[in-house]
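A short worksheet on the structure shown next.
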Amino acid sequence: MSPTPNKDQQPDPRESLNDLIAGGLCLILSFGLAIYHTAQAGRLHEDFGRDPGPAFLPVILLIALGLSGVALTLRGGLGMWRRRPPEMAASLFSLWPAAAAIAILVTFLPLRALFGAATALIVIGAALALLAGRTETSRWPVTAATGALVGLGLFGVFRFGLSVPL
Amino acid sequence: MIHDLFTTILADLFNPYSLFLALTGVVLGLVFGALPGVSSTMALAVMLPFTYGMETPAAMTLMLAVFFSSVYAGSVSAILLNIPGTPGAMITLLDGHSMARKGKAAEAMAYALIASIFGGIIGWVILVLLAPVIANYALKFGSAEYAAVVFFGLALVAYASSGDTLRGLAAGAIGLIVGLVGRDKITDVPRFTFGTADLQGGIDIIPLAIGLFGIAEVLSLLTRSDDDASQVPESPARTWPKWTALRQEFPTALRGSVIGTFVGAIPAAGSAIAVALAYACEKRLSKKPETFGTGIPRGIVAPEAANNACVGGALIPMMTLGIPGDSITAVLIGVLLLHGLRPGPGLFENQPDLIITIYGALFVAILLTALVAGAIGIPVYRKILAIPQRLLTAGVLILCLLGAFSVRNAAIDVWVAIFFGAVGFSFIRLNIPVLPLAFGAVLGPLLEENLRRTLLIHRDISVFFDRPISCVLIMVSLAILVLPALFSLISKLRTVRQKTSSGV
Amino acid sequence: MKLIKTLAFAAMLNALPTHGMAQSFPEGPITWVVNWPAGGGQDTTSRLVAERLSGVLGVPIVVENYDGAGGLTGMRELAGADADGYTIGMLGSSSVIQQYTTDEPVMMDQLEVLSFFGPDPGALTVGADTPYKTLDEYIAAVKEAPGDVPNGNDPPGGASYISAAIMESALGLELNKVPYGGYAPTVTALLGGEVESATVPVPQVLEHAAAGDVRILGVMAGSRHFLAPEIPTFADQGYEVFAGDFRAVVAPAGLPEDVAKILSDALVEVLSSEEFVAAANAAGYMIEPLGAEAASARISAFDEQVYPVLQEAGLVTNPK
């Protein structure tokens, strides 16, 4: 899936930065969830006799996640300290199409609540086609219209072919 | 008398009406199953109302045809679009989609089809010949054994997934935590639900996989096209692999099929464990384990054979005990109930004709799937890749939304798919392996439930070592987890010693 | 099949604007919400009724499965639907229990009862390899080793868990209640000998009892089960234990009175028809057609019986 950073060589500074980000995220996630978990009221922390109880495994996993977060942060920090990473701002900006696609997907449920699933999918289909076809040569009204048609067609398949209550 | 029975049943199965039903079922299964998010369970549920008015054998013929063909078709969206429609296809996409990206999508689908048919037939043969024996063995499989086999599965996934170990560990922990969301299976206490009602049902694995693999893949394609729009065009080269190449995959297919049938026969074990076991087993046995995940046929054959052999396996507890082993056979039992037949150990003794009809119908379904998918399915499926990129992108993302929704008809599943789409995309950018997350979420809840149930019944953790099956499985799992580290340590020590000795 | 779909769609288009006029109810397809996956007991019984109700009302009835959260997802869908009679669904005993044991539950006053379907009495079943030949022997053994005899049942709040809890409280027993995710795994565990007894409804174990793999020691109902008249009830053996699941058909609260009456009457008509009773009995289900009022009374009675048991078991997080 992904190339392993080779331990014998000098670590790639970008991989070190990845370690640092991943480690930070793990730490935030484990701390946040740990606070939520320990604060939960109700029967969660009761004594369940022979059963170690529903609170048992989450604690182990949160500790495991926290520890791997610490390890990743340390490894990343150490690597960064050895070699500075290249400028990241430009490569971050190149992610905009992905962010835009997620933003379009997020509108599905609100649009569905307002106008119904068919309309929502027509709009989303058109928007996604425009986004994906931005570098292609075809004219934008055609792209939007075919995208909308894809949305409507798939709506038909799921609503009437599979009777999904969309 | 048996001969008479046999000929009437043959006549039953091969009359034009039955064949027409089976063909309809196969075609619908190939269409529904290829849609991401539309599991075999759902395809069967959609067909359920049409069986109300049918005779029982006709209804079972139709349903089994949908069942088998939709299980195969689950590999199609995995290969073409990197979207696993079912947990059983989560492994297939590793090599399947890699192969498709090299422009060999049709060949990948052909390997998947051949392996599926092979697995289906092996599963069928074991079902017909050994069902009662295996059913007894499956009953011996208690919570302790179950917990051990899931632990074994997790160990194999850890072993089989490539990428950085530390990051894989973190991803696996996140996956296991995702599996905790919802109401605890033992005490019914909600965990990590954040006070919302929507999360009480837990995070379903299919929307998660749709996001993690499908949406994430499209997102990274979208960002890639800016700098290098180099998608390899589908090569017009051969669809069907050469016989010599195929012959090499025979042992893999056989091992995968046997694993699939046996795991499928354990009630509630499910295809996710079977495919993980089959894939990891092949990777372990391979001389070139590093090629797995780069688009090699063996990485498709192993999980697909196992996944489809599960069909025969899952029918074993149903046929012998009248107990549904999974959600799919539950629908089949529902068909029997709607026709006034109460399944149980007696039903099939009292109605031998029904048992033979079911065996026959499954066999017909396997053959028809091979024919229809091979002659029409693959050529049509590969046309999907001829769709212009902009429309394919829009279509795939919409399919992801609709597929996620239709799993449980729940809006929360759409949010889950989008959220894990973003997570999967970030993982790709940060070079974190996603497979441990997905399998953690599938296997974690099973492990916890069975582990705690074992403790409830037996009090003591030592029971895992008292029972032979679980003891062996745990020992092997520990060996898998510890030995590679040990070996690398030994080889390191050796090189150090060599260096020092050569230095002197 | 295509024809049905087309007709359903056409009917739906026609029906949309006139939902308010109840005189001509129903004018379009009715959605039947099932809060468990396809193939289960709730689904099978729903489909048995829906198929015939469609004939009586003359409109298609579409069964939709909403799986999740122990049936709560479907109940929420049902309670949140428009109260126009075009969304109805099946309810089981666990939905009554969940009012008190769940966060964000669906309360019974959010629903309107249309008819009773029938009871599904619990039973005490033991594995054939266990030493318990009679109910007396079983009770004596459990009293001797409190908390040690493993009994297979649902997770807390599920019907067979509550059956076990009712039995414990009525007879002063303490079982080791081991939860499984549904009846099928519970029965598997009983057959495999992982648990010694189970408290699932009669149809789940009947065939296995006939094959000699399990023994049903007693039925937790006022009268013997129609499929197994040779098996005595608890009361026959001197123990007052009445427990088990039941099913009823409900709609969102606030239904127009005439619509509720049309639906309720149609349901009772279906449930009383000989053909339906024969089909349902063949599938193992007990039918007791009751109209809206009698059904409500039955559900309230269950509510009053079960609440103290839940309190005793420490399951109540949402007190009455």
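Including glycine, each Cβ sits where the backbone N, Cα and C put it.
As annotated by TrEMBL, domain 'DUF112' applies to B:19-437.
The annotation transmembrane segment is assigned in TrEMBL to B:20-50 (among others).
Marked as transmembrane segment by TrEMBL: B:62-83 (among others).
Long-range neighbours of the transmembrane segment (B:108-131) within the same chain, counting only residues 6 or more positions beyond its ends whose Cβ lies under 8 Å from a Cβ of the stretch, are 68, 71-72, 75-76, 79-80, 92, 95-96, 99-100, 239-241, 246, 249, 253-254, 256-258, 260-261, 264, 295, 297, 300-302, 304-313, 315-316, 319-320, 359, 362-363, 366, 369-370, 373-374, 377-378, 381-382. For B:108-131 (among others), the entry in TrEMBL reads transmembrane segment.
If you look up TrEMBL, you'll see B:143-160 (among others) marked as transmembrane segment.
Residues or ranges marked as transmembrane segment by TrEMBL: B:166-182 (among others). Proximity of distant same-chain residues to the transmembrane segment (B:166-182), defined by a Cβ-Cβ separation under 8 Å and at least 6 residues beyond the stretch ends, is recorded for 154, 157-158, 190-193, 199-203, 208, 427, 430-445, 448.
Long-range neighbours of the transmembrane segment (B:203-222) within the same chain, counting only residues 6 or more positions beyond its ends whose Cβ lies under 8 Å from a Cβ of the stretch, are 36-37, 39, 77, 81-87, 90, 93, 97, 178-179, 181-182, 231, 272, 393, 396-397, 399-400, 403-404, 407-408, 413-414, 416-425, 427-429, 434, 437-438, 441-442. Residues or ranges marked as transmembrane segment in TrEMBL: B:203-222 (among others).
Within its own chain, the transmembrane segment (B:258-280) has Cβ neighbours under 8 Å at 71, 86-92, 94, 119, 122-123, 126-127, 134-135, 137-138, 141, 146, 149-150, 152-153, 156-157, 159-160, 205, 292, 299, 302-303, 305-314, 316-317, 323-326, 439, 442-443, 446, counting only residues six or more beyond its boundaries. The annotation transmembrane segment is assigned in TrEMBL to B:258-280 (among others).
TrEMBL lists B:323-342 (among others) with the feature transmembrane segment.
The transmembrane segment annotation in TrEMBL covers B:354-378 (among others).
Sequence annotations record features per position, and here TrEMBL assigns transmembrane segment to B:390-408 (among others).
Look at TrEMBL and you will find B:414-447 (among others) tagged as transmembrane segment. Outside the transmembrane segment (B:414-447) by six or more residues, the chain places 87, 90, 94, 146-147, 150-151, 153-154, 157-158, 160-164, 167-180, 185, 202-205, 207-217, 219-220, 272-273, 276, 400-401, 403-405 with a CB less than 8 A from a CB of the stretch.
The feature transmembrane segment is assigned by TrEMBL to B:468-490 (among others). The list of residues near the transmembrane segment (B:468-490) in space but at least 6 beyond its ends in sequence, with Cβ under 8 angstroms from a Cβ of it, reads 140-141, 144-145, 147-149, 151-152, 154-156, 158-159, 284.
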Exercise. For the domain 'DUF112' (B:19-437), provide the mean pLDDT of the predicted model.
Key: 86
Practice problem: Tally Cβ pairs under 8 Å between the transmembrane segment (B:354-378) and each listed stretch (B:20-50, B:62-83, B:323-342, B:390-408), then give the stretch with the top tally. | Solution: B:62-83
Quiz prompt | Maximum Cβ pairs under 8 Å to the transmembrane segment (B:390-408) - stretch from the list B:20-50, B:62-83, B:323-342 | solution = B:20-50
